[in-house]
Each structure stands twice: as C-alpha cells, then as structure tokens.
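Some features that TrEMBL has for this protein:
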| type | residues | note |
| --- | --- | --- |
| REGION | A:1-21 | region 'Disordered' |
| DOMAIN | A:22-88 | domain 'HMA' |
| DOMAIN | A:90-156 | domain 'HMA' |
| TRANSMEM | A:185-200 | transmembrane segment |
| TRANSMEM | A:220-245 | transmembrane segment |
| TRANSMEM | A:257-276 | transmembrane segment |
| TRANSMEM | A:288-306 | transmembrane segment |
| TRANSMEM | A:440-462 | transmembrane segment |
| TRANSMEM | A:468-491 | transmembrane segment |
| TRANSMEM | A:784-803 | transmembrane segment |
| TRANSMEM | A:809-830 | transmembrane segment |
Amino acid sequence: MNMRTEAAIPDSQSGGLPTGRESITLRIGGMTCAHCPPAIEKAVREVTGVKTVSVNLATQTAKVGYDPAQAKVSEILRAIRSVGYAVGTATMRIPIKNMHCTSCATRVELALKMTPGVIAARASLAPNAVDIEYQPERTDFQELRRSIESSGYRLAEPKVKPTDETLDPAEAANEQEYRSLMRKFWIAAVISLPVMAFSYPDLIPGLRDWMPMGSDTRRIVWALLGVLSLPVLLWSGSQFFVGMWDALKHRAANMHTLIAIGITAAFLYSVVAVAWPGIFPDMALAEVFWDVTDVVVALVVLGLALEIKAKGRTSQAIKKLIGLQAKTARVVRDGKEIDLPVEEVLVNDTVIVRPGEKIPVDGKVSVGSSAVDESMITGESMPVEKQTGDEVIGGTLNKTGSFRFTATKVGKDTALASIIRMVKDAQGSKAPIQRVVDTVSGYFVPAVMIVAILAALVWYDFGPEPRLIYATVILVTTLIIACPCALGLATPTSLTVGIGKGAENGILIRSGDALQAAEKLDAVILDKTGTITKGEPALTDVVVTPGHEENAVLRLTASLERGSEHPLASAIVKGAEARKIELADAEGFAAIPGHGVSGRIDGHDVLFGNAKLLRDRGVPADALLPQWERLANEGKTPMYVAVDGRAAGLIAVADTVKPDSRAAIEILKGLGIEVVMLTGDNERTGRAIAREVGIDRVLAEVLPDDKAHEVQKLQLEGKSVGMVGDGVNDAPALAQADVGFAIGTGTDVAIEASDVTLIKGSLMGVVTAIEISRATMRNVRQNLVGAFGYNALGIPVAAGVLYPFIGLLLSPLIAAAAMAFSSVTVVTNANRLRFFQPRRTGS
Amino acid sequence: MTPDRWIVTIAGIGLVAFIIWFFWLKRSTGARATETSGGYQEAMILVKGGYTPDTIVVRSGRPVRLNFRREETASCSDKVIFPDFQKSADLPTGETVAVELMPKEPGEFGFSCPMGMFRGRLVVE
C-alpha cells in the first residue's frame, strides 16, 4: 500500500466534484510494486485536462478526475498504457454486414459510443468491421451486439474473431492457392498428352505415314495443337506472366520471369513454324514445341502446388500451439458462473476449471487442487500437481480435480501467446548463413538470362545444324532448369521446422542467429543455484546422538520451525511432512537473530541453531563436531538441535541437485562441450555440487556483477560460450554470452536477455537446444549444397557444355521436371527435421 | 561468319546489355515517410511483385510505422523481414499490416521476403 498515493486525494473530494469535472475509476493490471502508482500518476497528470489522479495499489484501480472538455478517457488510457500497465479495457473487432457507406459506419460508431462501458469505437469500411474498446466489467459482447443491431446493422459472423494470433486466413489462402494450382496442373497435364504424341509424328510409325513432313495434314494438326495449347499458356501459366510483369515494374526478375520467357519462346517458335514454314531454310526446321510449353507449365505448376503443401507442414508446430488456445472460459462474475469467450477474461477474474478441461488463461490457483498436463508447453510429460498458490499456464490440460484460479495474464500477455509470438518472430528471422544466399539471389535471375542468351548465341554461331532449333532448345532449357526458389527456400524452411521443433519441446529459440550460434558452442557455463540445483533448500540429513531417535528429533525441530519464517525452516517442515511425521504446537517460540530459534514442545525445551547458540546456552556439542564438518564439506548447511539442555543431533539442509542435471552434463561433455560451473557460494559448497554432477571446472565466490566478466574471460580464451542461468539475476551474463540460455519457470517465458528460453527448468533443455541447432544447421547446409549444386550443375549442362564431349543435351521437358522437383526436395528435406527426437534421460 | 550469325550475335549481345542495364543499374531515390501527429513516421508499402515504394527515407530517433498491403497470393511474399531490427510480420493477402520500428542510428537497412526475392531499403538519415 502506498501511503503517498492515498494521501494525495481525500476520498471526500470525489463526492463534491466541481462542475466541468468528471471522475472515472479504471482497473489497472500489472501493478505489482510500490513504485508503480507514482509512475502511473505522473503519466496521467501530464494529460491536459486531468485535475486529480489517485492510484490504489491494493484495489488495483486508478481514480481520475478530469475535465471532459479538455481530456478524453482514451487519452488517459493511452497515458497509462504508455508507462507499461494494462488498463482494464479490452478491445474487440466485430465484423459487420452490409456497411457500405461512411455514414453507415458513423451510425454504428455512434450507437456503440452511447453504450455504457464503451470507450472508443471505430468502424471502417475496408475490412467492414468495427474495433471497439470497452470496459469489460460494464459491458460484454452481447450488449455490444445489441447496440450494433439497434443501429440497423447485423454482425457478419456470429463468432467473435480473436484479436491476434490466428493462422486461419493464411492457411485458407494457401489451401485456395493449392487447389487453384492443382486445377491448372490437371488442365495442362491432360492437354500435354495428345500434344506430346502429335508433336513427334516421325517417331510413331502410324502417324508418320498419315501426316508426313511438309504435308498439309501435319500443318493442320499442328495448328490445332497450338490452339489446344493456348489455354495452357494463358490460363495454366497465367501466374508466370503476372509474376513476371509485377516484378518487371520494379525492374526485378524472379522465377516467374525465367519460366515465362522460356515457355513464350517455345510457343512463339512453334507459331512461326506453323504459320510461316516457308521462312525456314529447311523444312525440318519448321518444328513445333507445343509440348515444351504444355509440359513445362504442367510440371512447374505441380511443383509449386507440392511446395505449398510441404511448406504448410513446416509450420505445423506453430499451428499446434495456436490450437492450444482455449475458446471459452468459465468465470465468476457478480457471484454467478458464466461462460465467456476467452478474449473477455480479465486480470483478477476468478476462473473455474473442471477435470478434462483446458485452462483458458494464466493464473494462480486460489481454491482446490489438481494434476495438470503441461507437456504441450513445457515438453515435460509427467502431469504437474497444482495446489493453492501454484501457477497454472493457459492452454494446458487439467486432469484430475476441479479448481478455481485467479487470472494473472490474459489475451496477448499469456505465456502461450508470448510463446506463439516469439516462435513466429524467430521463424521469420534470418540466420547469418542466409546472407550469402541473399547476395547471390539478388543477381541470380538476370545472370541466368544472360547465360541462356550467350549459350544460345554460341550454339547458333558455332553449333551443328539445325542451328536455329538447337539454339532455341538451349535457350529454353537453360531458362527453365534454373531454380532460384530452391536457393531461397533452403534456409527459411529448415529454420521454421527447427525452431518449431524446439517449441514443441519447451525450448524457445529467439532467432536464427541464436540457432546458428548454438551449434558452435565450445563451452557452457552453468549457474549453480536454480540451474544445476533446484534453487531451494531441502532436508538432506538427520544425525542424532545416542539415546535419541531420528524421527523424534526431526519432529521436535520441525514443530519448532513451523513458526519461523526463515527459508531453511520450510525445508525442514517439508522434510518432516515427507516422512509423514505429525507435527505438534510450539509454546514460547522465540527467534534469536543470528543464532537460531528456541521453544517448548510437548514439555521439552528445544534449541535449534548454530554452534554459537548452543555455546551461549552452555550446551556442550563437541561430540557432534566431526559430523558437522563432514556435512559442511559436502556443501550442506548443518545445524544443531538440543533437547532439554543436551545436544540431540544435527539437521542438515542443502540445495539439492535436479534429478537429470548429472545426465545432461554428461551428454554435454559427450558433445564435446566444456562444462563450467559458476557460483556465488564458497569454493567448498561449489566443489561438493560439482563433484556430484561431474563438473571439473568451478568458478566459485563470483559476485553477481562479475558473472558477465567471467563469461568474457572464457570468451577471451577463444571459445564460443553459452551461459545458462535465470533471466533476472544473470541477465548481463546471458547477454554477454554467445548464446544465453534462460531457465524459465511457469508463465514467465518472455525473457528479454536470453537467446534461448527453456520453459521446463531442466538442463536437458540445453542439450536438446544444442542438438536441435546442430540438426537444423546440418539440414540447412544440405539444402544449400543441394540447391547451389543443382543450379551449378544443371545450368551448364542445360547450356550444352557436355555436348562436345559426350553428346549430352537435356530436353526442356527434363529441365522442367528437375526444376519443379528441386524446390520440392528442399522443402521435403527440411520437413525431415520434424522427426527429430530429443534425448530422454535414462535412455 | 555468315550475315545471319552477325545479326543474331549483335542482337543477343544487345539483349545482354539491356538486361544488365535494366535489372542491375537502377537507382531509386525513395519515398519519404510522412510524419503523423502522433509522432510516427508513416509510409504505405504495396506488396505486389515487389515493394512499392521500395526505398523509404526516414529520420533517426523517431518511431517508424510501415503499413504493408499485400495484393498477390504468391507464397514467397507472405512475410516481410527486417533482419537488422529482428522483426518480421505475416502479410495476409488483402490486409494492411503495420510494422513498427525504432531506427536509432542512421544507415541503410534492408528488408525482404524470406526468400530474398523482394527487397526494399529503409534509409535512416
């Protein structure tokens, strides 16, 4: 509670507002600390027309007094948002039918603005929809719909479109594109068959006699074939011309340009051959290439269609994530349970989840308990037990029990939405390796055109007869075999699959840079606390003096510690509970700062603390000293217990190692990566943990500010260094490292400083991330070698380089098939990454 | 060489020269983004066979909003990437998508589709 804020405006003032003044209470989300209210107040006060403002941290509200003539509510909201807080309004886009004129839009807007709770409404004709900003506690979708209908318009679709993160339109467009391409392919394919047969009558005995060379029959049949091929050129092949023309306007060239020129050249030659055979010096030159046009169009169009299908599969991971989003939520409002679209759930709403239901948004369990399957987000296959106070993640599946939770993050702030956004951004980013490709592809298409022309010239000038036909075939084949698409697709498709694969396993790779850098790591620095270890102390040992029993001593200590707020106390209480020991109540509990605690339980005087506490009370404990030293050497924190003035034993707590840390470190070493441990603890504790997990190099007693420096020192040894730590305390070190791995917990996934976020807090994530990076980069290289190699071999062969030596010349039909399937091959190879399986510990 | 060979050779070389001039020797001066009352520098970019305009001139230190509108279905252009800003956006056909950037330092920053067939430049002064 912030006193200054409370004192700023006495409550009585809001009752007697002077005229020209209105007051509004806004619900604010994201206020967690005492310095939040002043920041908001300052921002709001800067809005002209605002007279008073008071922000209350406890109720999460802001009361603003303002002059409506000068200030608008929307300006106040904007001011609050500008300092980074969510203000209690939601936005919704509602599509509207038959809203054709500006005045219609104004009418809808007016009707909505009159609705209580609506802060802003903007209708636009272009998407034919209205964007509404409203206060969800005052109005809801049904109310808004009534307002719109009262203005005489209807909603275009009954369902509300989620504001962001929907892939559907893009997918629908792809599907439509695919179907249209397949139609074009079938037409071209069906026409290709007779055209092919009649184009080579000299090869088919019956046809050779029926339509001999130079006969009118042959000319007429060929003319008919030309007419038949026209729709293939102009309809099936239309996108090549459109694509070429759009690019030419920008003085650019692309794959469409190459294909369009190739098929046009073949077609025009055939037209001339049929229409004016006389201009050819030899009758044999008056050949037709209708088949080239038809088959090339058919094959390339089929290739494009298959490519769309295969590319759709590359983004399967993100589709899965989007599919996790819940559609509705059961929320308690005004004491009633109501089902709401998930977009309308607000921060601080109480949400009810039953067994088998999806958890709609992020939150903290308030009532009840259950086991939740979080595998879709964290990659952890075991269900997680949730009790009061535990975080739940939106999109995960509730298994066994019913519970209520308080929503903490909604809409685009939820962990799931952040994950989707991060994965999408990462999939769209470029790996450094792509720069080479970008430079090449900028020059590629015009270069191919030049090569094709020069090759045709050489064949015309120096080639064998019939020179004209050879030159034409060479030109067409060279243009068609070149495949800029394979080059362009090589890196992005692999990245998309690789980064998606990471997300499926609870590993968020932030960019192509990070993915590429992770492959080359020489050393990984692991922060000890919270990374190798669980980060919270647990009971490890109970040592007793003769005459005492372990569980009895633990029971007394735990009963005493139940009253303490010390972090070690809860470890002991939990340890006792794990042994199913029933605790008693302590009388006369006293905490002695710097020493320990004392109290009376079941008639026994109990002391618990360090050696100093026992010395001060005159309790001899020398007999326990060797045991104390042994435990301390193991990196544990042992403490003395005395009962009725006599030393009873030692109880040790320690930060324990996560179950799979040792296995993960072993695998990392097996991958040829040096593993270093970094800790702020003393050398002895650090060494003890390092021994346990098999790390040789320990950097102990490192101050938090020096962590980044230690990373740098290792980098100066010439190593590429990965740093694994938590995103808050280790942020500078994560940023300094070549790849920063942040161990995330629960809903906190958008960790800024990190290159990689491990949603599940296990070190196996580092292993999986590095293995995904290696697999992906290997895949990228295969693709690049394939695509470059294909073009580097295909183009010279098509140009006829091999003809003088072994008489090899490619047919344009073969070139078309090769070109169409080269890009499909690249995408298919990238899709192989989908079968990547992370290692499991113990296997 | 026979006359027809001379003619074809000269025509072919002329064509090569034309290709070099047409595709590689172009200079675009670029369009300057307009400044809105909200302090944004805004520009509309049409995505169709390329980016129109393909060079946007802005001033450093002020937020930039580029509104992309894609009017084609070719799958290459369904995304635009700003590698220097680590940003990318999906461009569904027929929708206007705003990309917001904060250029802090002057320089030239490229943007392109994932395959690099469409290219544009953001010139920051």
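Backbone N, Cα and C atoms are what each Cβ position is placed from, and that goes for glycine too.
By the count of Cβ pairs under 8 Å, the stretch nearest in packing to the transmembrane segment (A:288-306) among A:220-245, A:257-276, A:468-491, A:784-803, A:809-830 is A:809-830. Computed over the domain 'HMA' (A:90-156), the whole-number mean pLDDT of the model equals 76. Counting only same-chain residues 6+ beyond the ends of the transmembrane segment (A:257-276), those with a CB under 8 A from a CB of the stretch are 219, 222-223, 226, 229, 233, 237, 240-241, 243-244, 247-248, 285-290, 292-293, 296-297, 300, 445, 448-449, 472, 475-476, 479-480, 482, 484, 812. The stretch from A:440-462, A:468-491, A:784-803 that makes the most Cβ contacts under 8 Å with the transmembrane segment (A:809-830) is A:468-491. Long-range neighbours of the transmembrane segment (A:440-462) within the same chain, counting only residues 6 or more positions beyond its ends whose Cβ lies under 8 Å from a Cβ of the stretch, are 253-255, 257-258, 261, 468, 470-472, 474-475, 478-479, 482, 484, 487-488, 791, 795, 799-800. Mapped onto DSSP helix, strand and coil, the domain 'HMA' (A:22-88) counts 20 helix, 23 strand, 24 coil.
In the domain 'HMA' (A:90-156), the DSSP tally of helix, strand and coil residues is 22 helix, 23 strand, 22 coil.
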